[in-house]
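Engineer: Before we start, here is the structure in question, set down as structure tokens.
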Amino acid sequence: MAKMTSMSPLFKKTFLLSLYLFGIVALLASGLAAYILHDHMTGEFRSKGRAIAISIAEASQEVLLNRDPAVLQGTIDHYLDIGGVAYIYVRNSEGSIVAHTFVPRIPRTLPVLEVPSPIATERSARVPGYGDIMEETAPILEGVGGTVFVGMDKGLIESFFWKAVLRMQGLMAVIFVCCVCVLYYLVRSFSTPLNTLTEYAQQLARHDFSANIEIDSRDEIGLLARTMQSMAHELSALFNEMDAEVKKATGELRKNLSHQRAIINNLADGLVVIDPDGMVTMVNPSLCDYFGLVPADCLNHRFDTVFSGQFAKLMEDLHTGQGVVTSAEGPLSHGRIGKAVGSPVRMAESGTFLGGVVLVRDITPEKELDRLKTEFISTVSHELRTPMTSILGFSKIIRKKLEDDIFPALGPSRNSLSRVVRRVESNMDIIVSEAERLTEMINDVLDIAKMESGGVQWGKERLSMGEVVRQAVRTIRGMSSEKNLRFSLEVEEGVPLVRGDRNRLIQVLVNLLSNAVKFTESGTIRCHVGFRNNMVLTSVEDPGIGIDPRELPQVFEKFRQVGDTLTDKPSGTGLGLPICRQIVMHHGGDIWVESELGKGSIFRFTLPVEDMETRMVEPFEEHDVLGHVPCEDEADIRARSGKAMLVEPRGDEAAPLILVVDDDSALSDYLSQLFRDEGYRVLTAPDGRAAVDTAKQHLPNLITMDLMMPGMDGETAIRCLRSNPYTSHIPILVVSALSDSGVKGSDAMMLKPVDQEKLLEMVDALLRDRDMVRSCIVVGDSFSSAGQKLTVVNPERIRFCPPEDVVQTVAAGFTGFVFISNDLVARVDLTALSSQQGVQVVILPEVRI
């Protein structure tokens, strides 16, 4: 049944096709045969009827002439027995029927010849009782004697015709049935093996190569079966081999994926992968830990809904398809700091963008190490400043003593002694020069350390870069006196102002110009200031030795110097250009170098114009007044508070008394010797507590104060001195290596190692007009023109105070001058300010702060 069922569609189609074709053939054949038969019988009936009519007509000539109707009747009756003859009748010349074969009577209506024809004729008619008749006529004596009418029965023709057709159709049906039977067996003979082949092919499609095919014929189907069986064996072998390879590859792939997943999951760095649509497709546990997330919070989410800040910006750069590696730093969970590095992923052949990969690393330990390194460098440099002060100071004292006292006392002597004197002078010059160079190196190290740690206080004022460059050129011109160098400055018209720290920008230009002088033997060093792309562009160009293009990326790295360090002795610390880069970048600009070896160098840097947003840090201003420190018996202080404290001035014959406070005995000895050589009386104190006690006991004219000391430090000692009415008037000069920022309560500050001449000038200025130096407040900010003009009153430090805090500051114990700009008078309570004792208010009507 299964075979028959599967064969039925083929047989059905064959049967229908055969039936259709056979039916058409049978119909055409039957129609053609019927037409031929009908035409043949019609012709036969016509011939028969005409022959009978002519025969009767010829036989009726004498009968009609003899007028013997009985003989004529017998003649026509004889012809009535011929097959197909329906009736016969004869009309005479008058048209009367003289003989007929009608039974029982003559029909009422018979076809009549309107005009007797002299020849035989044929016509069709319908005679009641006889149906359709083919009537043949024959004239007797050319129509003179009458006419013979013979009616041939057409119904007999139709009856015979249909019988013949039916017999033919029956024969055709028998033939068709026989053909169908033969066709059925023929179809079955080749459909059965085809069905077997179909089932075999289906088994092969199910990868069942163990099946066998039972077709033994030698025809094309048998050949096809054997070919398929051979192909099945080959496919079986190939599939077995392929299956083994696939299993092996699958195992290796599974192993590799497991290995890769294990690597990704155990990465110390966080990993995130995004697709071209910005969706997060992969994260690892480290990344989830860094950001305090779970995979469900990240996967299949857009990156900007998961990450924020610099990390989101980095991924946005990747999403835009930029073909560069980018990095960013930002906060992680639990107060950690992370650094992310992202790279776009592209197809190697087509370059199609596939997404991006971002690695995030916890750099908190590195940041801490960097902070500790900076602190270490800063501490070491600070500690180096104190002995450097002693070394440099004593060296200068020794050189001065030798030049002023010892060498002149030797007088004219032998040449050998003169050579010794010159050698000693040269050696002392070298000691002083190298000590000063080491001091500059220490200052550079501290500078870069403070910039990296954010400990620098930046000024912010409107500046003309043309003036800044001119001042830097004036500063550096002395260095080029021994070389054949010229300086050229070109400032374009209409260059806008910038806002920044004047001293730091001068430092940048001095560093660039000093490098140009150092590496140029002759020619012109050109400085140019212009305006490009909303930025002020400053450049320094020299015709010197130039820089190898391979070393250009290292120019602004710390402690890196270009050139061959084995043949060229390094000069400096290699921090000048990194410091320049830090300063320029802090001002919101950029710095770069263009150079060719042997053709000179061009250093350029840009700064944003004054009215554009910059990234500069606002300068730090101290508004707090001195805090209360319990330095002595508070009851005694309260008992004396409010009373006038008078300090008896010494006579002109008494030299000023200076109290030197420092825990370093060598530095204390150096300062004591320096001041005594200048005619001052000197007292020393090793720490803050001893300084406070000595100051209360001896009331010195000036105090030099170190900050880092055991026990009570310098800042605490200053607060104690300022809180005591007996010592609050004494000017205090801070001499420390700790910081270049001001200390609350001090009058001036100098960094170790101090310059001997500047130190003596500062001491002289503080002693000559100590009240004015210490007691000077400018209402406003440190960048006002008033503050700049008042540097003649206090050349080292002026105290600035906001208008809102000036009354509170004065009420806390300030005495001295208060300078107020005319446009800030309305913001200051002048009545309350003027009521304070020891305060003089100075209004500057024409100076705008």
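Using N, Cα and C of the backbone, Cβ positions are placed for all residues, glycine too.
TrEMBL entries are annotated by machine, without manual review.
This is the feature table in TrEMBL:
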- 188-240: domain 'HAMP' (DOMAIN)
- 256-300: domain 'PAS' (DOMAIN)
- 379-611: domain 'Histidine kinase' (DOMAIN)
- 657-767: domain 'Response regulatory' (DOMAIN)
- ASP706: 4-aspartylphosphate (MOD_RES)
- 15-37: transmembrane segment (TRANSMEM)
- 164-187: transmembrane segment (TRANSMEM)
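How buried are the listed features, and what sits near them?
Structural biologist: Residues of the domain 'HAMP' (188-240) grouped by DSSP class, helix first, strand second and coil last, total 39 helix, 0 strand, 14 coil.
According to DSSP, the domain 'PAS' (256-300) comprises 21 helix, 10 strand, 14 coil.
In the three-state DSSP scheme, ASP706 (4-aspartylphosphate) falls into the coil class. Taking a C-beta cut-off of under 8 angstroms and a sequence separation of 6 or more, ASP706 (4-aspartylphosphate) has the following same-chain neighbours: VAL661, ASP662, ASP663, ASP664, LEU667, GLY714, VAL734, VAL735, SER736.
Sequence-distant contacts of the transmembrane segment (15-37) (same chain, at least 6 residues past either end, Cβ-Cβ under 8 Å): 160-161, 164-165, 168-169, 172, 176, 179-180, 183-184.
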Engineer: Summarise the domain 'Response regulatory' (657-767) by DSSP state, stating how many residues are helix, strand and coil.
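Structural biologist: Looking at the domain 'Response regulatory' (657-767) with DSSP, the answer is 46 helix, 23 strand, 42 coil.
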Engineer: Averaged over the domain 'Histidine kinase' (379-611), what pLDDT does the predicted model reach?
Structural biologist: 80
